[in-house]
Amino acid sequence: MSTDNSQKDEGVPLLSPYSSSPQLRKKKRNQKRRKDKFVGHLKSDSRRPTQLLHDNLQHNHGQITDFDQIDSWGMLHESDSTSNDIIKSEDPSLKGAFIDHRPSMSQPREGPQSVSSTVQPQPIMKFSTPSYKKPAGLRPSDQNRSLVSDLSPSELESWLKRRKSVHKSFVDENSPTDRRQSNANNDVVIDVDALMNHVNNNASTGVNDNSKRRKKKRGSDDSSNKNSKSTSSDSNDEEDEYNSRPSSSLSSNNSSLDDVCLVLDDEGSEVPKAWPDCTVLEEFSKEETERLRSQAIQDAEAFHFQYDEDEEDGTSNEDGILFSKPIVTNIDVPELGNRRVNETENLKNGRLRPKRIAPWHLIQRPMVLGSNSTKDSKSRIQSGLQDNLLVGRNIQYPPHIISNNPEHFRFTYFRVDLDSTVHSPTISGLLQPGQKFQDLFVASIYSQDNSAGHIKTHPNSPTPGIKAETVSQLQGLTAKNPSTLSSMSVANIEDVPPFWLDVSNPTEEEMKILSKAFGIHPLTTEDIFLGEVREKVELFRDYYLICFRSFDIVAEKHVRRRRKEKQESATLDHESISRRKSQAYGATMSNESNANNNNSTSNASRSKWLPSILRARRRSSANRTTNTSSSSYKRRVKSEKKKMEENEKFKRKSGDRHKPREGELEPLNVYIIVFRTGVLTFHFAPTPHPINVRRRARLLKDYLNVTSDWIAYALIDDITDAFAPMIELIEDEVYEIEDAILKMHQSDDSSDSDSSDSDSDSGASDEDAFPFDVYSKKTSYSSAKSSVSSRSMSTSEASFNANLIGWKRKGDMLRRIGECRKRVMSILRLLGSKADVIKGFAKRYNEQWEASPQSEIAMYLGDIQDHIVTMVSSLNHYEKLLSRSHSNYLAQINIDMTKVNNDMNDVLGKITILGTIVLPMNVITGLWGMNVIVPGQYRDSLTWFIGIVLFMCMLACSAYMYTKRRFGF
């Protein structure tokens, strides 16, 4: 019978409200005995109670606590010295419950609290006066005070630290749990199975709630999760902090690149993945449309606010309808409009470049202001307002569009089977009335639509102004190639014409939407938006990425035009200055006599108005100094801000930190993402490369199959060909510099020889023509003195100007060499790594890759590589020529300096001869000029004087003959 009871008791939980009375009495006696013994030790020992408690816990652990056995879960259980006590229970709610004797913080029990709620720790309650609720399943005799309750709170806290048993416990309020007061006074009963089930259920529901919350609050800031009070949301927020978040210097308040993530496909799901995910584009289009319409309404109300008073005064007496609130349509919201252009229609008279597109510059209706009556003028103004509201003229574009995007049409949709290309400032503007994004980007849908055929419209007509019921979704196929898609099946995806979406200067939010819709990898998104500088080809699962660098052709044209205008203005200024000088010289020569007569009067008048001018200048300078300080500070701040904005824009465009110096090319990064049925291109500045490729595709669509790989090849080819004109200009400049340097010294020698020959010829002709008119020349010399002096002055000034211009040309030559070398090095920097990129690109085609199918484009890529290698070798050759020209220029400068030194030596030699002749004369004259008695002083004849003069002449002749023989002059 005892064995049956023991077997039956093994299935009973460890805690039960009903147990046998002998066992309870035995436990009470043991507990009372241990308590009395422990209290006696505390009274007899002089040490602190905490130290005694610590010692007793170490040596007499079994005597102090009633928990002697530890199960496999690491929990303590009550037992006797021999075996575990099994308590019988009839309560089914406590079956399988374990006892956890770890101390826990008290929790409020006012209402049900889930496990997922945040548990806030509260201060430890005083154990001297416990205020626990009376458990439902315990008898009043079981409510014994703990032995530890006699300790103070600080002593109890130190004891708990030594025990290292401060843990948090969670209690499921929905299940019946009981508390008991034992020696620990904080023991909690936990149903582990129910707890684990509850945690698993909350975890699954928390994941679902978080996924719904992400879908609902997509693109919001991370700071919105700070006020959440559940542990599941907090844990999910902590997990989100460890996700990949690439750094972005252009982060906005609405979105950031850390929201861009690669959604992993569920391997167990049988639903096929749709590419592209047009639902993301549809949601973004709705949000963008609502935002732009609200902005347009605000702008229209602000624009027409100034006409409110006139409308209120004149609406009662005049006919017509004038709406108080503006009617907002797609025409009034230019961001939602688009323009359709056919690139081949602009090819007139051999023109290979399209005209500039300006569809938004609508012609404003001129107002007639010649009427005298104010009533007629008001009626005209109101009729003009009605036309503007109803028809859409004089659209006031939002300032954020004009300031942020000078090139308004940032999104361009192209397909070779369409008659025209769609240009739009926004993603939503690409859609025609009644059209969806599936009709643009899903090959199976637009191929079926094209096979059914559409109504053609004029390619240059703006589509937003046409009604939706009269406009088809997209234009049909051209009549030249009707059999292109006649036999096409949707299964044969290779025959579907690919779409091409060209994006210029995308925002961070647009980049995020496109990445999610087309399944672009986060690394690709980071490279595009942060401006990857290195040129490369990367292969992904669904696409491959090509990073290719070009140069800003538009900026280069502006620089050339500005430089040409500057040169023309400089030449005009030089001519005008020379003309003014000649006129001023003639005026001064003619008015020289009049100026001498008017000197006295001008001096008198100058003495009167000069002090007044000085006083006015002093006053203006005092006022100017007070204003210049503030204006200079504002100007400096504005210039620094403008410089920072330019650097930021250039960094986004080319990836470089600083703007290139004058003479260097501005790099432009072009990113090409090639899918099987589509192409995405990104660039951050306007460039003509996409226009050229679209025109080329339309011209050659009857002779080749335009695929996505061909579009990528055509873009690379057009970017490479854009460097050819620059290299030709560099070649011409290099050869001109070399020829000018080699002819620099020859021109100087020829000019000197020509001038000497002309002088000698003029002298000989004078002697031959007038051999007997020397006396007449001498007599007429005094009369022609003024003319000779003026002529000599003009010739000396002309020679001085010629020398100055020559030296200036030499200085300009050095500047030309430096600028040309700078240009060569900038192009070499852009072309240096392109050969390796093309080589890797061709390798992708030659190998068996799933993402890059076999085609004939690999043959053309080899031709591009040959072009690049040829251009690089030509640039290296030009660099060597410029280096040699630079050395030749320095040699010419040394020759010129040597020539100058030789001329100076000649002048010094002539001065030496003159000194040799004059020095003896100075000695003789100095001796006879002393204030002493000299020979011949008292003679009345001129004998001594004549003799001294003759001696001096003979001495000068002898000195001249000696120096001429000695130095070879």
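Here the Cβ of each residue, glycine as well, is placed from N, Cα and C on the backbone.
Candidates T50, T289, T344, T571 were compared with Swiss-Prot; the annotation phosphothreonine appears at T571. Looking up S114, S621, S794 in Swiss-Prot, the residue bearing an annotation of phosphoserine is S114.
Residue annotated by Swiss-Prot as phosphoserine (from the set S19, S582, S885): S582. Here the Cβ of T571 (phosphothreonine) has 10 other Cβ atoms within 10 Å, regardless of which shown protein chain they belong to. Note on S576 (phosphoserine): other Cβ atoms within 10 Å of its Cβ, all shown chains, come to 10.
For the transmembrane segment (913-933), the residues of the chain that approach it from at least six positions outside its boundaries are 948, 951-952, 955-956, 959-960, 962-964, 967, 969, judged by C-beta separation under 8 angstroms. Nonlocal intrachain contacts for the topological domain 'Extracellular' (934-941), taken as residues 6+ away from its ends with a CB within less than 8 angstroms of a stretch CB, comprise 927-928. Counting residues per DSSP class in helix, strand and coil order gives 0 helix, 0 strand, 8 coil for the topological domain 'Extracellular' (934-941).
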